[in-house]
């Protein structure tokens, strides 16, 4: 008679995938999940289920398990810790062997780690709080096309935050008038203007017309001010081919920077564009449209710091990162946490800032965080203090809303940022004397 190889039936995940004795390897990809199990599901089982379903596991033993080495390939839940103040919630730490992931593919990384497991019945909710990307994996990515230092050298702008402005009204202007608004802002003293994330190629303004008029505006403003100027030309499109066509046209016009919506456009498209940008000397501005769909819920989804790390690997020179100003204090530390993850080489684990793992980017270029959305001149001292020099501050309504027009609005922003930087360099406390600094600058 045939010998029985294994027992059929539903298996407890924790027998295989919960391994508290496991010592993590330097090459492992580590994940911190906030798990809210269904009533009656023990934490070990829920944590193990997450590890299993996001790596090798299925709900039962299959005979092909005998053809592979589970020990080599399985994800492991190696630690579980309760969340302070939450009864039925805990953080599950999962280690994934490096070989589970395709090199240089953020798409594959996400498909594995967050692809399937979030719809799992045994869990009420699941949130990916942080990922530790080992150098062995991050080294397979190009990363940002240029990074902070190269961007400053290209633009010849040092020692202060860069200034931008989103052209409003975002939809409905003709290409010619759009270019006119761009010119006014750049002439007034901004470094960049920006296409709104949803400006692609609509009936009232086709992309090619916009690109041509914006290039004209940039050249005119550069000639008048003697400074290098840019406009984030949004290359996001319905197909990757069309996106590349727009990026190539931008390069032919000789503009310094293009833009992409990396979440709606997708990581595959974004990585292709980032490679093109590095090969052709274009800077790449990244907008995070759709991020709140993924990161806004406290108990479910994915924290933005994970999306930020993914963007640094996929590639972008700027990415939107919230403003802090006017939000809660606690938000400030967390925002600064992922701002550091974008800019720095080495970031220590620091739970108070939401950083669950020490992250070593080795030599991958940094990304400039962009503060944008509802900010204006009076926020400038706070922004300068919070973000420091390596940032882009974007004032849409805060420039175009100036009662005298775009150029005076731009002048106001430029004067304010120069005043704040000077005051800070002279040792004044921007948090306390900020309003005074701005008032003096007004004169």
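Glycine is no exception: its Cβ is also placed from the backbone N, Cα and C atoms.
Taken from Swiss-Prot as is:
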BINDING   116, 166, 170, 288, 320, 372  substrate binding site
ACT_SITE  168  active site, proton acceptor
MOD_RES   194  N6-carboxylysine
ACT_SITE  287  active site, proton acceptor
SITE      327  site 'Transition state stabilizer'
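Put plainly, the recorded positions 168, 194 were compared by Cβ crowding within 10 Å, and the winner is 194. When each of the recorded positions 287, 320 is scored by how many other Cβ atoms sit within 10 Å of its Cβ, 320 comes out lowest. Taking each of the binding-site residues 170, 288 in turn and counting other Cβ atoms within 10 Å of its Cβ gives the largest count for 288.
The record assigns 116, 166, 170, 288, 320, 372 to the substrate site; their largest pairwise CA distance measures 37 Å. Around the Cβ of residue 166 (substrate binding site), a 10 Å sphere holds 24 further Cβ atoms from the protein chains shown. The binding-site residues considered are 116, 372; of these, 116 has the fewest other C-beta atoms within 10 angstroms of its C-beta. DSSP gives residue 288 (substrate binding site) a coil state; it is part of no helix or strand. With respect to their backbone Cα atoms, residue 320 (substrate binding site) and residue 194 (N6-carboxylysine) stand 12 Å from each other.
Cα-Cα distance from residue 116 (substrate binding site) to residue 168 (active site, proton acceptor): 39 Å (rounded to the nearest whole number).
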